[in-house]
C-alpha cells in the first residue's frame with residue numbers, strides 16, 4: 001500500500017523553528033509495504049539527493065506524528081525537531097512527486113501506461129483540482145479513492161509503484177558487509193542468489209564464504225587444494241565451493257544414487273571374518289582361519305596375506321601401514337601391511353586376546369585371562385600390566401592417558417596405566433559388559449543386562465542409565481554428545497548422553513529382522529548391519545529409514561553381514577554364513593562422484 005504523508009503539526013515549543021499552517025508543505029514522504037515488511041522511505045532535498053531513512057509507523061491516516069503521538073493543530077512540524085531528524089538546516093525545498101521519481105527512471109519522456117484507453121475529458125480538471133488541495137486533503141482523497149478501487153485496480157497500482165522502490169541493497173553495501181549478509185544464507189539459497197546478477201555471482205563465489213559453509217558441514221579441506229581455475233571471464237571457481245558441492249553429491253549418492261555393482265573381494269574360504277579395518281584405500285580383514293588379509297579398496301586385489309598366528313584372529317587395529325592383531329594363540333603381532341612382514345610378536349597373555357585399542361605408538365590389549373597389557377608397538381616391549389578384573393576382559397578404550405575396560409565380571413574399570421592402579425571401579429551393571437565408548441570425559445558401557453550406562457570418568461559416578469533396549473548392546477559409537485547403539489533386539493537407538501534422552505529409535509516396517517551386528521554413523525547418516533543379511537541406511541536427525549545398501553539373497557536363511565566399515569565415499573561389508581548359504585567375502589560399495 002502506498003501512503004503519501006506530509007509533515008504533521010505539533011505545539012510550538014520554545015526555541016523551535018516552525019511555520020504557520022497556511023505555509024506550503026515542502027517535504028513529501030513515500031511509505032511502501034510489500035506484504036507485512038516496510039521498506040525505508042526516502043526524503044529528497046531540492047537537488048534530489050538522498051537525505052535520510054526513517055522507519056514509519058504503520059498508519060494510513062495522518063492524524064498522528066511519526067512517533068505515534070497526537071499533534072496539535074495550528075503549526076507545521078519543524079524539520080529541525082526530534083521528529084524530523086534531518087541532517088541539514090531548516091530550509092524549504094520544492095516538492096518531489098512520485099511522477100518525478102518514475103520519470104527519472106524511465107527517461108525524460110512520459111509514457112502513457114494504458115495507451116489503448118483515451119483519457120476522460122474531465123481527467124485534467126480532476127488532476128488540477130487535486131493539485132490545489134492541501135496535503136491532508138490529498139491524503140483524505142486518496143484514502144477515499146483507494147476504498148472505491150476494485151482489487152484488480154489496487155493490483156495495478158502496486159505493479160506501478162513497486163519497481164520504483166526496488167533497491168539492490170547487496171550491491172550498495174561494501175563488499176565485506178555484503179559477504180557478511182550472504183553468510184547467513186543456507187547453501188541452497190546462496191546458489192540461487194548467485195543467479196540474480198553478475199555482481200551477486202562474484203560474491204557468491206567467494207572462497208572464504210564457502211570455507212565457512214564447509215566447516216559447518218565438517219568438510220576440512222578444499223578439494224585437492226588445487227589452484228583456483230577460471231570459470232568464465234571475470235569468475236574464479238572457489239575450491240571450497242567445489243568441495244562443498246562434491247560432498248553434497250556424495251551425500252545424495254548415499255541417499256538415492258544408483259547402487260553400482262560392488263567390488264567382491266573373496267578370501268578366507270568359508271571361515272568367519274571376525275574383525276575388519278578400513279583406512280584410506282587399505283582394507284584389513286581378520287578371520288578365524290588364523291590369517292589377516294590386506295586388500296586394495298581401489299582394485300579389490302588382495303595385496304598381502306599376513307600368516308603367523310596359530311589360532312584364530314579375534315581383534316585388530318590399524319594405523320597407516322601398521323597392523324596389530326590379537327589371537328586365540330594368546331599373542332599379539334605387529335605387522336607391516338606394505339611388506340606383509342611380522343615386525344613383533346608380543347607375548348604375555350595367558351588366554352585369547354579378545355580386544356585392543358591403539359593410540360599413537362601404544363596399544364592396550366584385553367584378554368580372557370582377566371588382565372590388560374600396555375605395549376610399545378615400535379619396540380615390542382610390554383610396558384604395564386593392569387590386574388583387577390576377575391573375569392574375561394571383553395572391551396577396552398585408551399586415550400593415551402587413561403585406560404577404560406569392560407569385563408564379564410559386570411564391572412567397568414578406569415586405570416592409570418603408568419602407576420598400574422585402578423582409579424575407579426564402576427559398578428551397576430547386572431550382567432556382562434560387552435561394549436564401551438570413551439571420549440576423555442564420559443564413559444558409556446553396554447551390557448547383556450539390556451541397559452547402557454553413562455559415567456563420569458573423574459568421579460566415577462553414573463550420570464544416566466539408558467533404558468529401552470531389550471537385549472545385549474553389542475555395538476556403540478559416540479561422537480560429541482550423540483551415542484548410537486545397536487542391539488540384539490534388532491533395533492538401533494540414538495541418544496543424547498548429556499540429557500540421557502533417547503532421540504530416535506530406528507525401527508518401523510523396514511527395521512532389521514535380526515540382531516544388529518555392527519554400526520557406524522556420520523553427521524547425516526547411520527549405517528547398520530545385521531544377522532538378517534542387510535545393511536541399512538538411516539537419517540541421523542529424523543531416524544527415518546532411507547534404503548537398503550546391501551540385501552543378501554541368502555538373508556533370512558543364513559546369510560549374515562558380520563562387520564561394516566565406511567569412509568566418506570566407500571562402504572566395506574564382511575559377509576558370509578555359518579551354514580554355507582553365503583560365501584565368505586568382502587563387498588566394497590563406492591559412492592564417490594566423477595571429478596570431471
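Keep in mind that glycine also has a Cβ here, set from the backbone N, Cα and C atoms.
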Which one of these stretches, 56-75, 76-95, shows up in TrEMBL as region 'Disordered'?
56-75
Which of these ranges is annotated region 'Disordered' in TrEMBL: 1-22, 23-44?
1-22
Same-chain residues near the repeat 'WD' (346-385), Cβ under 8 Å, at least 6 residues beyond its ends:
311, 314-319, 322, 324, 326-328, 330-334, 391-400, 403, 405, 407, 409, 415, 417-418, 420
Summarise the domain 'F-box' (167-213) as counts of helix, strand and coil residues per DSSP.
33 helix, 0 strand, 14 coil
Residues of the parent chain within Cβ reach of the repeat 'WD' (466-505), under 8 Å, 6 or more residues beyond its termini:
434-439, 442, 444, 446-448, 450-454, 511-521, 526, 528, 530, 532, 538, 540, 542-543
